[in-house]
Amino acid sequence: MHNPTRQMEKQPNQLLWHGIFLLIVLAAIFGIYKAVQSVDYTWRWERIPQYIAYQAEQKNYAEFDGTVVAGTTETDKGKLFLQNDLDPNQRQAIATSGGQVAEGDTVFRGDTLDTQLSWTAGPIAWGVWVTVKLSLVAGIFAILLGTLAGLARLSPNPALRNLAVTYVELIRGTPLLVQIFIVYFFIGTVLNLDRFTAGVAALAVFTGAYVAEIVRAGISSIHKGQMEAGRSLGMTSAQTMRYVILPQAFKRVLPPLAGQFINLIKDSSLVSVISITDLTKAGREVVSSTFSPFEVWFTVALLYLVLTGTLSFLVRRLEVKYARSN
């Protein structure tokens, strides 16, 4: 039965611990602030936004020799066009804003007619996109490879089981950086793989080994009676595994899988060693341009935190959805 008195007793304790947490956070912020003040460094945060997004000039060049004329129809009133001197029916539109010519001007091919400003992604934004794409593609292949390897770990066939064990132990026992070098410089040379494909392959194989162990543990946690019940209903072993065991197993292993894919996003920073311009490599390039290492790396760290935090939030929502469905 619900006890209001006990809840009132708990409430002050909760507030106390929240207050302690707040004090710890404030102390950490104060410590960071004092550390920053003690460093002889000039902060230039104003340099960073242009490397995330900036307004680029887009020039409209004349495609032929001609004369600038005004529009004559009702829809073209107030607009300017470049009319071809040799073919009056051929016209090129000129933007009303940013125009660098006036009515009656003679223009030669290649001259600038108008200049427009448009928002363009900077190197850091492109680095975020490459990191997301790399992690997403590698994650999909890692799930497929890890699921197959996890099933093979539980297979009664000794050949499949031993192959899966060898794969998992070999991959988990060697550094990812070494694997990236092997895939790109050796396997990539033999198979003529480009940098992105080699990076995806290395990340997928590495993450797949950990996914295999997670899947194996999830399947092993399902009671054996589930398989027997499926077989008693006339299902084959493969059908029972697909429709009965795996759906339950994936619900149970969702948190460790999410943790592994968060690690995948962070591990993707290592592909910068093979000249893939991900977020980390973009950060290094911006540092060399701005000579502002602290600002750039704090920005890069924040963007990685946004990516991993978004994934964690989505997984928590998925867990809540599964919990309600159960």
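Just so it is clear, glycine is given a Cβ too, placed from its N, Cα and C backbone atoms.
Positions annotated as domain 'ABC transmembrane type-1' by TrEMBL: 128-315.
Feature annotation from TrEMBL assigns transmembrane segment to 15-36 (among others). With a cut-off of 8 Å between Cβ atoms, the residues of this chain six or more beyond the transmembrane segment (15-36) that come close are 43.
Beyond the ends of the transmembrane segment (126-152), by six or more residues, the same chain brings 160-161, 163-164, 167-168, 196, 199-201, 203-205, 207-216, 218-219, 241, 246, 261, 264-265, 268-269, 271, 276-283, 303, 307 to within a C-beta distance below 8 angstroms of the stretch. What TrEMBL records for 126-152 (among others) is transmembrane segment.
Long-range Cβ contacts of the transmembrane segment (164-187) within its own chain (Cβ-Cβ under 8 Å, at least 6 residues beyond either end) map to 149-150, 152-153, 155, 193, 195, 198-199, 201-203, 205-206, 208-210, 212-213, 267, 270-271, 273-274. If you look up TrEMBL, you'll see 164-187 (among others) marked as transmembrane segment.
Sequence-distant contacts of the transmembrane segment (296-315), counting only residues of its own chain at least 6 positions beyond either end whose CB sits under 8 Å from a CB of the stretch, comprise 48, 51-52, 124, 128, 131-132, 135, 254-255, 258, 261-262, 265-266, 269, 279-280, 282-283, 286-287, 290. Positions annotated as transmembrane segment by TrEMBL: 296-315 (among others).
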